[in-house]
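Below is one structure, written out as structure tokens; comments come after it.
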Amino acid sequence: LIFAIALAVGAIPEGLPAVVTIALAIGVQRMARRKAIIRKLPAVETLGSTTVICSDKTGTLTRNEMTVNELWTLKYDIQVTGVGYNTGGIFKQNGSELKELPDDIKILLEDAVLCSDASFKPEGNSFSITGDPTEVALIVAAAKAELNVDQVRKNHPRKDVIPFDSESKFMATLNQNTEQRIIIKGAPEVILKRCSSHFGGEKLETEPVVAQIERLGAKGMRVLAVAQKTRGNSENTELQPSEAENDFQFVGLLGMIDPPRAEAIDAIKACHDAGIIVKMITGDHQATARSIGMDLGLSEKGETVTGVELAKMDNETLAEIVKNTNIFARVAPEHKLRLVKALQADNQIVAMTGDGVNDAPSLKQSNIGVAMGITGTSVSKESSDIVLADDNFASISAAVEEGRRVYDNLLKSLAFLLPTNLGLAFILIYGIMFFPFNLITNELLLPMLPTQLLWINLVAAVALALPLAYEVKEPNVMKRPPRKPDAPLFNKFVTFRVVFVSLFMTAGTIILFNLHYSHSLENGLDPAFAQAKAQTTSVTFVILFQIFYMLNCRSLHDSLMKIGFFSNPTVFLGIGIVLGLQAVFIYAPFMQAIFNTVPLTPAEVLFAALFGFAIFPVIGVEKWIHYLLSREK
């Protein structure tokens, strides 16, 4: 029974669950510092195997600071200067500044302001904003035109509204002045279908408008169309959905730019270097999506697929299209779900971003759901695995990098822990099978007691494995392809390392135990004391062996000098703790009573240390041989 208990204690890595959990928790902490809040712990490890990131555009890949750059009506094409939410800017036509805006442009801005919910209030050198960034851009453009937004809204009080939603792609309001006016704004193709004439009463020819939409979109602009119609001076203050369907007068277009984040461009390049495909999924017009996607480096030729085209595809066609297309425009939430399923059917590990209630299904379906911390709804956050505190794509890239780092460090911890357990099992099996024939007495002895094995497993091994979770990232962490989901945790190289180190530790322990036990008996020591002394020496050897092997495990392939001897200070903290505890284990009377240890002389400790140090150069040579073999391949 004692042998069985000892074998179970030695073979089972009791400290492994604690090490894995703490390593993941450390990864969560590091990701939080890089603006990625982990809601579900397994996502930390899954991030390291991500192969595809499907990202929204606005606010994630772009700055989410919309700026109206162009105002277009059938009579005028006006450029607007200024960036972001700064109200400083001028209006130009054909390169010349306009001192007075045409009435058509004023009406376009007025209608845009009335058919929006955002507010913008300058406060000294800063400003206070509420509402959607697209609508804030409209308010800022009106402020540049010296339009008093509050007064305009006061003069035309809103009586009713049809809110914007991602399916209808428009918003409509009913405003009262001397007569009632219904204003509609939204996606150009949606608004144009509802227009029969242009502002002024003549029949609307859509071809020139469509050409302008394409032109603005090709410049990377998000395009909004505005239209209106009057309803007379009715006492009815309800706006029926049917009234927003037809007979509108087209007023004009507003082209606005949301510049790509500089850090997003760098992050996308880093993802490409890491073998991760980045796909942009946006509700914007196809031309706008194409332009922004090419600016971000998602596609050289700008291949783009729209939500309408996706809806017409069967699953087989979609599976082929999604492999070669990285830009998707005018996409609805249900299209996102189909895209995720198509990618997963191709064995991809998909991270999907989302911020709306309707994004919840695709966030749940994806391997890693990423919600926006600033603009995201509570439903999207609840459905996600990760929340981005800054809504920035660069934070996703950083989280993937940290996920790979966590996986690498977990592998290092396992490569350190498992040889200890396997080696202890080998030691006990060898002792049971051969010690009666090797020892002077005929007693069957154990090289270590079960309590001593627990000391190694639960105290020393854990204290030395945890610092490996703090190791710096490998130099090539974002230069290698993602690991395959079905790839074994240990490859042939790591498996060989575990078995080799286990056998090395087994041989060292057996040799040292025999030497000390035989030497003690030859010097006339009591057999029980000789056994305790040999067991104490064996435990000390294993502890020191672990310390030197742990230093080698700081990188599975590179030398300690290459990664930097002092690059991870927690390693030396762990070593100091273990050495202190081992001294107590050997010399403290109460520990001697618990673990049946005896004091060792400095010479005996030094002898055990020299035996343990042997693993350090041996693993160094093994790394060098592996490097030569991999270079030949």
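Just so it is clear, glycine is given a Cβ too, placed from its N, Cα and C backbone atoms.
Per TrEMBL, transmembrane segment is recorded for 6-28 (among others).
The transmembrane segment annotation in TrEMBL covers 414-433 (among others).
Sequence annotations record features per position, and here TrEMBL assigns domain 'Cation-transporting P-type ATPase C-terminal' to 446-625.
What TrEMBL lists as transmembrane segment is 453-472 (among others).
Counting only same-chain residues 6+ beyond the ends of the transmembrane segment (493-514), those with a CB under 8 A from a CB of the stretch are 411, 415, 418-420, 422-423, 426-427, 430-431, 438-439, 447, 534-535, 537-538, 541-542, 545, 549, 556, 607-608, 611-612, 614-615, 618-619, 622, 626. The transmembrane segment annotation in TrEMBL covers 493-514 (among others).
Remote same-chain partners of the transmembrane segment (534-551), defined as residues 6 or more beyond its termini with a Cβ less than 8 Å from a stretch Cβ, comprise 416, 419-420, 423-424, 427, 446-449, 452, 455-456, 460-461, 464-465, 467-468, 501, 505, 508-509, 512-514, 516-517, 520, 560, 571, 574-575, 578-579, 582, 585-586, 596-598, 600, 604-605, 607-609, 611-613, 615-616, 619. Annotation comment: TrEMBL describes 534-551 (among others) as transmembrane segment.
Feature annotation from TrEMBL assigns transmembrane segment to 563-585 (among others).
Non-local neighbours of the transmembrane segment (605-625) in the same chain are 497, 500-501, 504-505, 508, 511-512, 537, 540-549, 551-552, 557-559; each lies 6+ residues outside the stretch with a CB under 8 Å from one of its CB atoms. Here TrEMBL flags 605-625 (among others) as transmembrane segment.
Summed and averaged per residue, pLDDT over the domain 'Cation-transporting P-type ATPase C-terminal' (446-625) gives 89.
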